[in-house]
Amino acid sequence: MKKIIPIAEALRARVIIRNGALLAFVIYASESLGLPEGLYMALAMLTVMELNLGGGILAGRERLVGTILGLLAVVIGAGALSEAPAPLRVGISLILVRIFCFYFGLNSGYIVGGHVVSGSILNHNSDWWFYASWRTVMTLAGVVLGIWCSTQIYSQLATTEWEQKARIWIGDIASCLSKLNNSKGSIELFISLRNRRNLLQQEIPKLVCEQSVLDQDFNNLFWAQNCLRCGSTVISCCRDLSPLFGEHLQKPLSLELPIDNLIFWGSAKLKVLSKSVESNDDEIDLISRELSLIRADLMRISQCYFDVVEISANSALVLEQDPNLNLLVLSRLLLLVDSLIEISPLI
């Protein structure tokens, strides 16, 4: 019986083979040419190529800037403090690396900078400039080569991975919306959707770097921002409305609202957007027209209810229900339908 290898594992195997072959070639070439500190070129390439293109660019930036800041700290520690004991020079240089990396907003670059400091002062005290400067040059070459290889040889795009995660997230939001009338309003569900939104949002810088290197327009980035903003609004509206609908409602709403139609067409649009196949423009247009009609209906109901509330405030008329509840429901429904209309198809 043949073992079926998951697609993700097969893709990962290709990346491992690509990286291994390229690194072996680079190390062989650097040894043959006698390049000083050529190992750090291979390490920089590996840092970039192990991740998708966007993530690799960010990781390469961390490594390169951290190396440069480490070189700067070595110049200060080993040059200006050449008469000080080695432990003191190392300590001051490491402190400088941490300060520099904090100033430039690096998350992990200080680790590489610390390696430059310790390697220069402790292991290459007599020729620290030769070691540190060539290590910086080789790191720069490795980052550039890594980015080039990632774009030309079996490229892994951060946009593709982000789109897959976003489709699953949108599909789960559609499921949450479809159960709005009879859900238990579990706060854990909304927290989970929010946390996944935050994870998607943290990957936006990868998309920016990737689009910049590929010299493409930023349509994918605009779509990603639209997806996160509208999806977050739908989650918030469902969270606020779920305790007010279904079996959790303490007393019936005094308004006749197109809630069922909104839930049906809204969840239908989100389900279409969550599909991995190309969206059907005609289907999207039909759903958007229905949502626009629902929005117009909600606007008419809102205007009529505002008139009633204003009349009751200026007379002795007492409303059967607290107007704040109906105003809350109307505002959330309008916000919900606006987000469902505005959310764009996944490119």
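Each Cβ is built from the backbone N, Cα and C atoms, and glycine gets one as well.
Annotation comment: TrEMBL describes 21-43 (among others) as transmembrane segment.
Per TrEMBL, the feature transmembrane segment maps to 63-82 (among others).
For 94-116 (among others), the entry in TrEMBL reads transmembrane segment.
Summarising the annotation, TrEMBL assigns transmembrane segment to 128-148 (among others).
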*asked:* Can you work out which residues elsewhere in the same chain, 6+ from the ends of the transmembrane segment (63-82), have a Cβ less than 8 Å from its Cβ atoms?
replied: 40, 44, 47, 88-90, 92-94, 96-97, 100-101, 104, 106, 108-117, 120-121, 125, 128, 132-133, 135-136, 139-140, 143
*In terms of Cβ proximity under 8 Å, which residues at least six beyond the ends of the transmembrane segment (94-116) contact it?*
62-63, 65-67, 69-74, 76-77, 132, 135-136
